[in-house]
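Database features, via Swiss-Prot:
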type: BINDING; residues: Thr13, Thr14, Ser15, Thr266, Gly309, Gln313, Gly410; note: ATP binding site
type: BINDING; residues: Thr13, Arg83, Glu84, Tyr135, Asp244; note: sn-glycerol 3-phosphate binding site
type: BINDING; residues: Thr13, Arg17, Thr266, Gly309, Gly410, Asn414; note: ADP binding site
type: BINDING; residues: Arg83, Glu84, Tyr135, Asp244, Gln245; note: glycerol binding site
Amino acid sequence: MQKKYVVALDQGTTSSRAIVFDHDANIVSVSQREFTQLYPNPGWVEHDPMEIWASQSSVLVEVLARAGIHSDEVAAIGITNQRETTVIWEKATGKPIYNAIVWQCRRSSEICEQLKAQGLEEYVRENTGLLLDPYFSGTKIKWILDNVPNARAQAERGELLFGTIDTWLVWKLTEGKVHVTDPTNAARTLLFNIHSLTWDNKLLEALDIPLSLLPEVKPSCSVYGTTRIAGEGSEIQVAGMAGDQQAALFGQLCVEPGMAKNTYGTGCFLLMNTGTKAVRSNHGLLTTVAVGPKGEVNYALEGSVFMGGATIQWLRDELGLIRDASDTEYFASKVADTNGVYLVPAFVGLGAPYWDPNARGALFGLTRGANRNHIIRAALESIAYQSKDLLDAMTKDSGVSLKRLKVDGGAVANDFLMQFQADITDVEVLRPSVCETTALGAAFLAGLAVGFWESVIELEHKACIDKHFIPNIDAETRVRLYAGWQDAVARTRA
């Protein structure tokens, strides 16, 4: 039977999805299932790894059944995943010894402080491209080994395996035959040297983590093993995987130095491909691994904003100013400007490039004439201002002045926001026809790995732009508006 489709498994923080793409990179079928968020203590976030697997495997069955697709027609399955989330399981039984510790979880803060006290901060920055923060997997692994009874003894005996979610899914799909990750996920563990592309012995020693725990690192665009859907039908190749933000970068075909994308979700993630050069950031960004045009390792600068779409949820849920996120475009367009109002949504501090956990949200510039529309508009504009903060930092670090920004995520449907993003950055903003770019990136990697598609050049002919947003304000206005934003940010940090 002819191979007509590629399936992407998109394992996210709140739901597991499966998306089928045809040879023209069109979406054929989608299935999604949410799973339980666990909060056992303040600042702790966990998932049940078995529930993640159950939700992911069930949507895989469902997405094919819904479209009437036979497993013989599927060329490959690609994987993209929430990054940093940590699972440890028994090699012999496949049973997790503890819940997955999620990227958002802050329980390992004390371990990070111990590493800082040992003088490891600069070594971590130089060799992993990351900051010493509980966000990343390494300190989560140490916490499990230190706190789960008998875990360290089992690990020393080589009886346990660690994986980020990509590794866990491949292990389950291949029925325990394959223990593997890719460089984009490995680079988020705090244990991977992004220059030598190997596990870092000094950091393993500092965290007391046995090497036997860790997966083999294979290219993002390669075949890892095979699986059968629900144990039935013909074998399908599991091929191609990347962490969610790097998958989106590849899905947008940002495979050359200086190409960048911004994902507008709960927060915003802006990544710029820097090619074969790992650029050290002096402006609060992370240096991370990306995927090049032939599936090889490239590097990227990454900046994250904590409050993107979450700011709009706040308008809806806490202030009751809107009923639906889509209402914001209508209300924001009813006024010519914000009437001098700025919203700095530092509800949980500020992310890149400030990294200020103590900053708090604030509204500035309120006068008697300020109304609901001005506040809603200021909330939308805050997303674009924060993205400009990241872009400016990237320009300073890389020396590359961006001309075009590719965008994806839920908020890109908002034309007002996209136009203001173009205006305030003085950069053309490109919105793709298929906004599921994270899943598309996983599908592209899988399809390229098995020859379903020949090259990135072929994929470029399939990538359609829905709309171009061209900068439409003068330089003087741009400078004045952004100066107001910078002043507002400074005051939230005072």
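In case you wondered, yes, glycine gets a Cβ from its N, Cα and C as well.
Note that the structure is a prediction, hence the values are computed from the model and not measured.
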Exercise for the section: Between the Cα atoms of Asp244 (sn-glycerol 3-phosphate binding site) and Thr14 (ATP binding site), find the distance and write it as a whole number of Å. Expected result: 13
Practice task
Round to the nearest Å and give the CA-to-CA distance linking Thr14 (ATP binding site) with Arg83 (sn-glycerol 3-phosphate binding site).
Solution key: 13
Handout entry: Candidates Thr14, Ser15, Gln245: member of the binding-site residues with the richest Cβ shell (10 Å)
Key = Gln245
Handout entry: Cβ-centroid neighbourhood (8 Å) of the sn-glycerol 3-phosphate site, Thr13, Arg83, Glu84, Tyr135, Asp244 excluded
Key = Asn81, Gln82, Thr85, Trp103, Arg188, Gly243
Problem - Output field, glycerol shell: CB within 8 Å of site CB centroid, site Arg83, Glu84, Tyr135, Asp244, Gln245 dropped - result: Gln82, Trp103, Arg188, Gly243
Handout entry: Long-range Cβ environment of Asn414 (ADP binding site), under 8 Å and at least 6 residues apart
Key = Ala325, Ser326, Thr328, Glu329, Leu380
Exercise for the section: Write down the Cα-Cα distance for Glu84 (sn-glycerol 3-phosphate binding site) and Ser15 (ATP binding site), rounded and given in Å. Expected result: 16
Completion exercise
What remains of the binding-site residues Gln245, Gly309, Gly410 once a 10 Å Cα-Cα cut-off to Arg83 (sn-glycerol 3-phosphate binding site) is applied is Gln245
Fill in the blank from the handout: Cβ-Cβ distance under 8 Å, sequence separation of 6 or more, same chain as Gly309 (ATP binding site); the residues meeting this, in order, are Tyr264, Gly265, Thr266, Gly267, Ala325, Ile383, Gly409, Gly410, Ala411
